[in-house]
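Okay, so here's the structure we're looking at.
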Amino acid sequence: MTVVALRPKAQSMPNATPKNVIDVKDLSLVFQTNDGPVNALSNINLAVDGGEFVSFIGPSGCGKTTLLRVIADLEQPTSGAISVNGMTPSEARQKRAYGYVFQAAALYPWRTIGGNISLPLEVMGVPKAERASRIAKNLELVNLAGFEKKFPWQLSGGMQQRASIARALSFDPDMLLMDEPFGALDEIVRDHLNEQLLKLWAKTQKTVIFVTHSIPEAVFLSTKIVVMSPRPGRIHEIIDCNLGTERTLDIRETPEFLEIAHRVREGLRHGHSYDE
Amino acid sequence: MNFIRNSVIPVGTVLLAILALWYAFAIVLNAPFERDQAARANTTISTGQLIANTMAQERPVLPAPHQVAEEIRKTVFDISPTSKRSLVYHGGVTLSSTLLGFGFGTLLGILLAIAIVHSRTLDKSLMPWIITSQTVPILAIAPMIIVVLNAVNITGLLPKAMISTYLSFFPVAVGMVKGLRSPEIMHLDLMRTYNASKAQVFWKLRWPASMPYLFTSMKIAVAISLVGAIVGELPTGAVAGIGARLLAGSYYGQTVQIWAALIAAALMAAILVSLIGLMATLVNRRMGVRP
């Protein structure tokens, strides 16, 4: 359906309302592979307001990570338009508009935890004294105070991922882009980190884009759930999800929670996510 | 205690085995000469006497370990290090050109690797030449190079160091290309999200990630530099250095001297490689490598 055309650079949209932190219009991305073109993203339309917590959910191959990478300017769309903070993703990246959290903690093994959090600050030319105070502040934020001098291998997987969140927050970006950050962790650690992330979000008021393939995780965390489906990667449905700001894990037993989780599951089914 | 169990005992066992083999070969190889002597004098020689004699010849085919040890002791401790008969003097000459060549070679290797990693064109154009460079039998033509350089008045340390450089840049270049390309995609993407410059990506990611590769290649490079320096000393008319010592020994049939020089060279190589290993350990500790 998508015609493979020359790849124009995504246009910035000066007329986008400034309220929308992310604005995606008719965006498509086709990967050229040896087996022919793959429609990774097809006709994506999405608007994200400042301060929202938006989850992308869907099975493997639905393009949720690709969409996140397009927002982060780590992939270039084939067609369509996207603006991030009213700029092109490239400009936004150059202005350091977002902190990115990968599937793995991706800490540099030769740097201490403090050194890893210092990394973006060094790259951005933050003076040494201020670096020290920001490291301390952000370690505090993710409950890792006192671990500054440890090396990554001395920490558990969950602690490493918290350190990588502290690193993403250290330069105080407007946005946090998270690509299945807790996917590799066990469920007990994951529940705990979900609660902590929610508190962090409430405290920092950042816009968070969160890629996941866990329905409870998406419903628990989000204000908006983007249900995606594969082949071609597209948005099937966008579900509003507002369970109040004071959420604890107990909320997952409530009828409201189960109702939204059910809608997400139905959305995934109608998007053929459960087909063989 | 662990050090004894993990290092001293296994290494010591092999060392003892080598010494035993060495003595055995010394007896076997030196025995014909003793038998000839006895036959010429029309006497018979007891086995005990034969074995004792094989270990005390002046120009044995294969000197016994203790003869070599005695020669090393004499030429290292008894003779003033400024004398041309001192092994310390010759070792020093070889060591200085080894280190000079190794230093240049390492630097050249690193610079080439940096250029190759950052430029696709250089990767395509330089890499085949770097590999071809090592197909030239440099050890065979090294004497000619020295002679030619001498003819244009490049003498002394430099020509020998150039042979060492030529040999040692290669492992460093190849190792560092691999090392500088070793960072994971995720680690590189992370730098991109920070909008880091190429220089920042290099100093904060590629360079530290390449350290294990650097030290591994430096160990190979320093050993091969020593070989290059010794070969470079052979054609200079046996003036100075371990190579000269080997050549002079072979002119005059001084096998004990040859073996003393060989063992000295081997010890030097072992010490140089260990020093680089020590450097690697120190750097690893600073970089928080899991012990």
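A Cβ is built for glycine as well, from the same backbone N, Cα and C atoms used for every other residue.
Just so you know, TrEMBL annotations are computer predictions that nobody has curated.
Source: prediction; values computed, not measured.
In TrEMBL, the feature transmembrane segment is placed on B:157-177, out of the ranges B:10-30, B:157-177. Counted over residue pairs 6 or more apart, the CB atoms of the transmembrane segment (B:256-283) and the transmembrane segment (B:93-117) come under 8 Å in at least three pairs, which marks the two as touching.
Among residues of the same chain six or more beyond the transmembrane segment (B:129-151), those with a C-beta under 8 A of the stretch's C-beta atoms are 112, 158-160, 162-163, 166-167, 170, 173-174, 227-228, 231-232, 234-236.
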